[in-house]
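**Student:** I have a structure I would like to understand better, so I am pasting it below and will then ask my questions one at a time.
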Amino acid sequence: MNALAATNRNFKRAARLLGLDSKLEQSLLIPFREIKVECTIPKDDGTLASFVGFRVQHDNARGPMKGGIRYHPEVDPDEVNALAQLMTWKTAVANIPYGGAKGGIGCSPSDLSISELERLTRVFTQKIHDLIGIHTDVPAPDMGTNPQTMAWILDEYSKFHGYSPAVVTGKPIDLGGSLGRDAATGRGALFATEALLNEHGKSIAGQRFVIQGFGNVGSWAAKLIHEQGGKVVAVSDITGAIKNEKGIDIESLFKHVKETRGVKGFHDAHPIDANSILVEDCDVLIPAALGGVINKDNANEIKAKYIIEAANHPTDPEADEILSKKGVTILPDIYANSGGVTVSYFEWVQNIQGFMWDEKKVNDELKTYMTRGFKDVKEMCKTHNCDLRMGAFTLGVNRVARATVLRGWEA
């Protein structure tokens, strides 16, 4: 089942639990606007190249739309629609005043020079500048984009609208980016894990963790879990997978990854098959890489008691059912990885106020939001007698539905 079908299915189940009428349900699903633009740039060798840029703006009932911009060769419209919709529910679960969006350009960033990427980003911004904005739609980095991409968008947008640092988040610190943004998704996943374990009378310390993915989210989660006394026993990335029953020394692993660009060959752990990372023996499994990795083929083999979805849509619906029968508790992506968008919100607030926070305030506020978010999700689980995924979906959908009705938008 693809991401869009799975997201629609979760939405429909939540709508049924909430008893939404069918017209309102339909209007919540349809995107507010889909934008598709041609971006033609001169390449360094003087030839012209054309790329397709797009933006799906899903819902703005609760505030400006918010979501990443990805540069990737295979940009699937269905997936972008699903991710835009997920952002609508995710921002509502986090209780920040945004709706959902997603976009990008169909290109291979590794095949383009820095100056070609800059020209492409600026042309894309010229085409959509009147459709994004501080109070309309606020982009952020995603796959294949980074703070530098956001700096180019900010500069190009500002040529039309005056200096507007709040038009994008995930910016470099020197242009109004927030301290703590880099670690935000990983740190949010840590706070989410803490909230879940505390409810079961446990803490991070002494638990055994397996982390799939050692990019921004996975590496920060590993570092912070290690600092709290958690034992990270296995880690994987695109280069391979490693394991040490006694616990991997994360600081040494960071140095190794910096030098060799991957976890493969780390001296203080033995290599294992990357495909077996999800079924290694542990207490807590954190998929922090790609979607759809936990499926009906491997769900029966999973030994973890808790799964924290730091990636988007890592668990297929079929796997969901198998795991719930096994008694595995899954903390869903729309809550577990919302630390990133929450700190993006803090960045936007700081830019609008023109007053920057220190890192301690950012992290303290994030902890408050993640802890309160968990309580809100649990409340919905009790009300509707459902699991955490449906608790989060009913929470998000209910907040968006209420805003839609209050604004007089229902059909």
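Using the three backbone atoms N, Cα and C, a Cβ is placed for every residue, glycine included.
Per TrEMBL, substrate binding site is recorded for LYS66, LYS90, SER344. Taken from TrEMBL, the feature active site, proton donor applies to LYS102. Per TrEMBL, site 'Important for catalysis' is recorded for ASP142. Summarising the annotation, TrEMBL assigns NAD(+) binding site to THR185, ASN216.
Could you place these features in context, so I can see how deep they sit and what lies close by?
**Tutor:** The 10 Å shell around the Cβ of LYS66 (substrate binding site) contains 29 further Cβ atoms across the protein chains shown.
The number of other CB atoms found within 10 A of the CB of LYS102 (active site, proton donor), across every protein chain shown, is 29.
In the structure as shown, the Cβ atom of ASP142 (site 'Important for catalysis') sits within 10 Å of 20 other Cβ atoms.
Here the Cβ of THR185 (NAD(+) binding site) has 26 other Cβ atoms within 10 Å, regardless of which shown protein chain they belong to.
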**Student:** Pick out which of the binding-site residues ASN216, SER344 has the most other Cβ atoms within 10 Å of its own Cβ.
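**Tutor:** For the binding-site residues ASN216, SER344, the Cβ with the most other Cβ atoms within 10 Å is SER344.
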**Student:** If you measure from the C-alpha of ASP142 (site 'Important for catalysis'), which of the recorded positions LYS66, LYS90, LYS102, ASN216 fall inside 10 Å?
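**Tutor:** Final answer, ordered: LYS102.
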**Student:** With Cβ-Cβ distance below 8 Å and at least 6 positions apart along the chain, what are the contacts of LYS90 (substrate binding site)? List them in sequence order.
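**Tutor:** For LYS90 (substrate binding site), the qualifying residues are GLY100, ASP333, ILE334, TYR335, SER338, VAL341, GLY396.
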**Student:** Write down the Cα-Cα distance for THR185 (NAD(+) binding site) and SER344 (substrate binding site), rounded and given in Å.
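**Tutor:** A Cα-Cα distance of 10 Å.
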